[in-house]
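Visitor: Among the features that TrEMBL reports, domain 'G-protein coupled receptors family 1 profile' is placed at 49-300. Marked as transmembrane segment by TrEMBL: 7-28, 34-58, 70-94, 106-128, 149-171, 212-234, 246-268, 280-302.
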Amino acid sequence: MNSKASMLGTNFTIIHPTVFILLGIPGLEQYHTWLSIPFCLMYIAAVLGNGALILVVLSERTLHEPMYVFLSMLAGTDILLSTTTVPKTLAIFWFHAGEIPFDACIAQMFFIHVAFVAESGILLAMAFDRYVAICTPLRYSAVLTPMAIGKMTLAIWGRSIGTIFPIIFLLKRLSYCRTNVIPHSYCEHIGVARLACADITVNIWYGFSVPMASVLVDVALIGISYTLILQAVFRLPSQDARHKALNTCGSHIGVILLFFIPSFFTFLTHRFGKNIPHHVHILLANLYVLVPPMLNPIIYGAKTKQIRDSMTRMLSVVWKS
């Protein structure tokens, strides 16, 4: 195994492999070519759908509102999440190109985990937006000012990067003297740490507790927001107003469930599902970075009239030109 070493002090040497070898989905190698077809189609749909959503929000002045700003942020994060992982997975499936440099592996891991924590924060911001819009509508424009949205955006990405950045050093401090083969289609924190020939207790505890604590706080706050929102909705005197409010919130709740249920299921089965075959873990992990990014723009496009109308206008302009 090619490796590079660096000296710390006089007696301790940290050994890093020059490259890691990603295997794709071990146990399903004979199906890699067939799996690449739905993976590729879902990835194209995710990039095109989220890209179109961002383009619509940017080009339509009527959509320059906080709810749609957060939605475009969600779409951008979905593109980041899927693009960080899927092209390399397809390269493994099609060309057996499993080699990935050590630093590129660390970078891929960093962006995957940053996107996960950021997406959780964006969903919380969207829940807060709906809470203000429905529970205190007269104060909406005063609370969600451009300055407030800018601060929320900085907080979301600052927390995400700040939470995940220490993992880079937690991985780089380890020596890797066992193997450079990763039985996965992309690099993730604990999967890389397990290749080390050193104590990874700190990695396990930090990787489990800190990101999950951030996400669990988001889940709790989202739950509180929607409890208050539903109480306010059912107190509305007009049935039409109730229907409109529930319709607006329905798409958001769908996206929240689509993000958190697979992510928690994947996380918990990876940590505690010892009897589940390894290839099932890897397949679930790949579907997690593909299915929500693909479906999010479809859910919002189908449920949100303003986006649907703006998309129709844009397509008609493109068709006529």
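Here the Cβ of each residue, glycine as well, is placed from N, Cα and C on the backbone.
Because TrEMBL annotations are produced automatically, they should be read as predictions rather than curated entries.
What you are looking at is a predicted structure, and each value in this text was computed from that prediction instead of being measured.
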Visitor: Mind pulling out the one from 70-94, 149-171, 212-234, 280-302 with the most Cβ pairs under 8 angstroms to the transmembrane segment (246-268)?
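Guide: Stretch with maximum Cβ contacts: 280-302.
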Visitor: At a C-beta cut-off of under 8 Å, are there same-chain residues at least 6 beyond the transmembrane segment (280-302) that contact it? List them, or none.
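Guide: Sequence-remote neighbours of the transmembrane segment (280-302) are 24-26, 28, 39, 42-43, 45-46, 49-50, 52-53, 71, 74-75, 78-79, 81-82, 84-86, 89, 112, 183-186, 188, 251, 254-255, 258-259, 262-263, 265-266, 269-270, 273, 308, 311.
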Visitor: Do any residues, 6 or more residues outside the transmembrane segment (34-58), come within under 8 Å Cβ-to-Cβ of it, and if so which ones?
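Guide: Same-chain residues near the transmembrane segment (34-58) but 6 or more away: 25, 28, 64, 68-69, 71-72, 75-76, 78-79, 82-83, 86-87, 89-90, 93-94, 286, 290-291, 293-294, 296-298, 300-301, 307, 310-311, 314.
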Visitor: Looking only at residues six or more beyond either end of the transmembrane segment (212-234), which have a C-beta under 8 A from one in the stretch?
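Guide: Long-range Cβ neighbours of the transmembrane segment (212-234): 116-117, 120-121, 123-124, 127-128, 130-131, 134-135, 159, 163, 242, 245-246, 249, 253, 256, 260, 263, 267.
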Visitor: So which residues does the transmembrane segment (106-128) touch in its own chain, when a touch means Cβ under 8 Å and the partner is 6 or more beyond its ends?
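Guide: Hits for the transmembrane segment (106-128): 67, 70-71, 73-74, 77-78, 80-81, 84-85, 88, 100, 152, 155-157, 159-161, 163-165, 167-168, 171-172, 186-189, 192, 211, 214-215, 218-219, 221-222, 225-226, 229, 252, 255-256, 259-260, 263, 289.
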